[in-house]
Amino acid sequence: MLKHKTIAFLGAGNMAEAMISGMIQTGKVPAKQIIVTNRCNQNRLNLMKEKYGVKAVPMNELPYEEIDFLILAMKPKGAEETLSTVKSLLNSKQVVISVLAGITTSYMEERLNPGQEVIRVMPNTSSMIQESATAMSLGTYAKDQNAEDVKELLECMGKVYVIEEDQMDIFTGIAGSGPAYFYYLMEQMEKIGKVSGMDNEMARKIAAQTVYGAAKMIMEKEETPAELIDNIVSPNGTTAAGLEALKKHNGGEAISQAVNNAAKRSKEISEELEGVLV
Ligand SMILES: NC(=O)C1=CN([C@@H]2O[C@H](COP(=O)(O)OP(=O)(O)OC[C@H]3O[C@@H](n4cnc5c(N)ncnc54)[C@H](OP(=O)(O)O)[C@@H]3O)[C@@H](O)[C@H]2O)C=CC1
Ligand SMILES: O=C(O)[C@@H]1CCC=N1
């Protein structure tokens, strides 16, 4: 089905590129069926065209009548203006998909024509290599067939989880922002490796392989994280010493706070844009 769909991105930034990269790699969506636009950065559009073979056009040349799925991929603060612009350009068969943090389906529905299908999505930048953990929540009017097609589209970018929209903030805290926490962690590992005399490229690869292996164990084995930790810890050994330092420096609390703070910010964005004081 996807090969007959035309998908347009309003926004040509990091997230749009990661999603396009994932889509193209599967071969399920022909590059010529993908259109990308932005407000002003022509260099960026040229790059998307050259790198992925997609169509890249100025905003005023976007062929709305050809579009099946319109993906909003600009910053959340641009949502209001964009929705009011596209409202009169869309027909009732087109689906609006938003990847914007904090923008709720009801926010979109209130600003579009009655009955317009909307789907809220939260991918992450690992879409680039088809390893995103992506959430989707359906708006009031999303039809089953379109929801299935959008899920198939998102599966080009990795794993997809259909969730209730009230879980979207916490999902954003864990998975939308999550890659950044692991990059941060790996950056610290690389730094300390370097301080101890290790080549930093080598330390980076070693840290990444370690995180990758640990993630793969969780994905492929039945054991819980606690059981997997148990398999590593020797009494009075190196891991016990490492974990003791993590606990002493509130490592667990730091992670919880990071996720919570991101989730809180997602909720705040919704409230700010709805005009509710926070
Ligand atoms: N980066 C990430 O990891 C994730 C991001 N998101 C969401 O994705 C969205 C985009 O983030 P990201 O790609 O990182 O941001 P970027 O700043 O990299 O890209 C934003 C893009 O939107 C364009 N743009 C801005 N305003 C408009 C507009 N009104 N109409 C069309 N295009 C516009 C910009 O170009 P120009 O200025 O030329 O218009 C630019 O190409 C955000 O809403 C974010 O919440 C969601 C999940 C993960
Ligand atoms: O930082 C942000 O707001 C966006 C949403 C999730 C990841 N990046």
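A Cβ is built for glycine as well, from the same backbone N, Cα and C atoms used for every other residue.
Per TrEMBL, domain 'Pyrroline-5-carboxylate reductase catalytic N-terminal' is recorded for 6-102. Within the model, the domain 'Pyrroline-5-carboxylate reductase catalytic N-terminal' (6-102) shows a mean pLDDT value of 97, rounded to a whole number.
Around the Cβ of Asn14 (NADP(+) binding site), a 10 Å sphere holds 12 further Cβ atoms from the protein chains shown. DSSP assigns Asn14 (NADP(+) binding site) to a helical segment in the three-state reduction. The NADP(+) binding site annotation in TrEMBL covers Leu10, Gly11, Ala12, Gly13, Asn14, Met15, Ala73, Met74, Lys75, Pro76.
Per TrEMBL, the feature NADPH binding site maps to Asn60. Secondary structure at Asn60 (NADPH binding site), taken from DSSP and collapsed to helix, strand or coil, is helix. Within 10 Å of the C-beta of Asn60 (NADPH binding site) there are 6 other C-beta atoms, taking all protein chains into account.
Taken from TrEMBL, the feature domain 'Pyrroline-5-carboxylate reductase dimerisation' applies to 165-268.
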Quick one: pull the CA-CA distance for Asn60 (NADPH binding site) versus Leu10 (NADP(+) binding site), whole Å only.
11
Cβ under 6 Å from an atom of ligand 1: which of these binding-site residues qualify? The list is Leu10, Asn14, Asn60, Ala73, Lys75.
Leu10, Asn14, Ala73, Lys75
